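If you check Swiss-Prot, you get these features:
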- E205: active site, proton donor (ACT_SITE)
- K338: active site, proton acceptor (ACT_SITE)
- Q163, K338, R367, S368, K389: (2R)-2-phosphoglycerate binding site (BINDING)
- D242, E286, D313: Mg(2+) binding site (BINDING)
Amino acid sequence: MSQITDVYAREILDSRGNPTLEVEVFLESGAMGRAAVPSGASTGEREALELRDGDKGRYLGKGVLKAVANVNDIIADEVIGMEATDQVGIDRKMLDLDGTEYKSKLGANAILGVSLAVAKAAADEVGLSLYQYIGGSNAKELPLPMMNIINGGAHADNNVDIQEFMIMPAGAKNFAEALRMGAEIFHALKAVLKAKGYNTAVGDEGGFAPNLKSNEEALQVIMEAITKAGFKPGEDVLLALDVASSELFKDGVYTLENEAQPQKTADQLIDFYENLVNKYPIISIEDGMAENDWDGWKKMTERLGKRIQIVGDDLFVTNPRILKEGIDKGIANSILIKLNQIGTLTETLDAIEMAKRAGYTTVISHRSGETEDTTLADLSVAVNAGQIKTGSLCRTDRVCKYNQLLRIEDELDAVALFRGKEVFYNLKK
């Protein structure tokens, strides 16, 4: 009864008004799964290929009708008749059908849409929530959220170099309390920014995007907001950064335009981070070095890797092969997991398993171009990741993931687990 009878893709819009792909998979029993594919702004060069049409006369060249056609005309014929519960088999079938390293023939967006819709259809078939279907009976840990409350870099039209300034309500007793704390700090930050005469418009991920005097001022106003909301920085709430350094790196030099000394070598940039870590309760830095600056990554890991979580995003692009190379070289101690960087659920789960075995933490992440799809919320609980990064406390494309986690926490009830500060097991070596 779990045989696939139909697969259908359509073009929809993401949170930035750009086209993306939505896929529906129907089963013989009448069960159905629907999945929408996200899209990134700052992307790693080794990410799986997001197939766009390139027709400048339509959606400025960003249409995805080619990917839609690849699902409806090519992939559908191959997977119809297969059992939806055979996730690995279906994903392998699509990988073989594409035959390229970065899924450039069919498009990672086409493949991922089908992969996730299949999992959702199978979950619907057996009457389980998606997190239960993927994770089994041991899926019970609600993630500590990284909440992006000030946006900069490629995610905002302002003068802030660092792409994301985040809060982590690590002192919360459960996910619902963590969400409340984050929301209260978000509103306090708006008041702090207004009082200083700063713009309170928001960026792609729902965080505020003011022009500030320096990158450090972003940390200062966040600290003020945490205190204003009635919480203690470093005790109730920790800080995290996503620098997106590949966007700042050219000809062996990092350029932070909003700093007194804009151009920095890798060593000088690590000095900059170390100074911030000494002054503020920063627990995590993502993409602190450019994706191809492996020497810089090694130095940063050696200097800061026992004090803070060092997350590889553009560095690893959710790719098990690249992650293994990083593990072997002792680079970073955490991986950001983005479904569309690798393009199938199976490969995503492989990367998570590899990271955990190596003692690396995993952070399940959204993209800056999101939809109302809440798969990543379920995924974070399914694999007991312990951390999730899904934007600020406004914009429905971000909040829908938080709301799904509230539902899951309710459903798990007494068996729900929330570890708070204990999620940073990579710092206990």
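Yeah, the Cβs are placed from backbone N, Cα and C, and that goes for glycine too.
Quantities reported herein were computed from a predicted structural model and do not represent experimental measurements.
For the recorded positions E205, D242, E286, D313, the greatest number of Cβ atoms within 10 Å around a candidate Cβ is found at E205. In the three-state DSSP classification, K389 ((2R)-2-phosphoglycerate binding site) falls within a strand. The Mg(2+) site is defined by D242, E286, D313, and by the 8 Å test on Cβ atoms against their centroid, the other residues of the chain that qualify are Q163, E164, L241, V243, A244, I285, D287, V311, D314, L336, S365, K389. K338 (active site, proton acceptor) counts 26 other C-beta atoms within 10 Å of its own C-beta, drawing on all protein chains shown. Each residue contributes its Cα atom, and for D242 (Mg(2+) binding site) and Q163 ((2R)-2-phosphoglycerate binding site) those atoms are 6 Å apart. Taking Cα separation as the measure, D313 (Mg(2+) binding site) is nearest to K338 of the recorded positions K338, S368, K389.
A sphere of 10 angstroms centred on the C-beta of S368 ((2R)-2-phosphoglycerate binding site) encloses 25 other C-beta atoms. Checking the recorded positions (Q163, E205, E286, R367, S368) against K338 (active site, proton acceptor) with a 10 Å Cα-Cα cut-off leaves R367.
E286 (Mg(2+) binding site) sits 10 Å from Q163 ((2R)-2-phosphoglycerate binding site), taking the CA atoms of both as reference points. Q163 ((2R)-2-phosphoglycerate binding site) sits 10 Å from E205 (active site, proton donor), taking the C-alpha atoms as the reference points.
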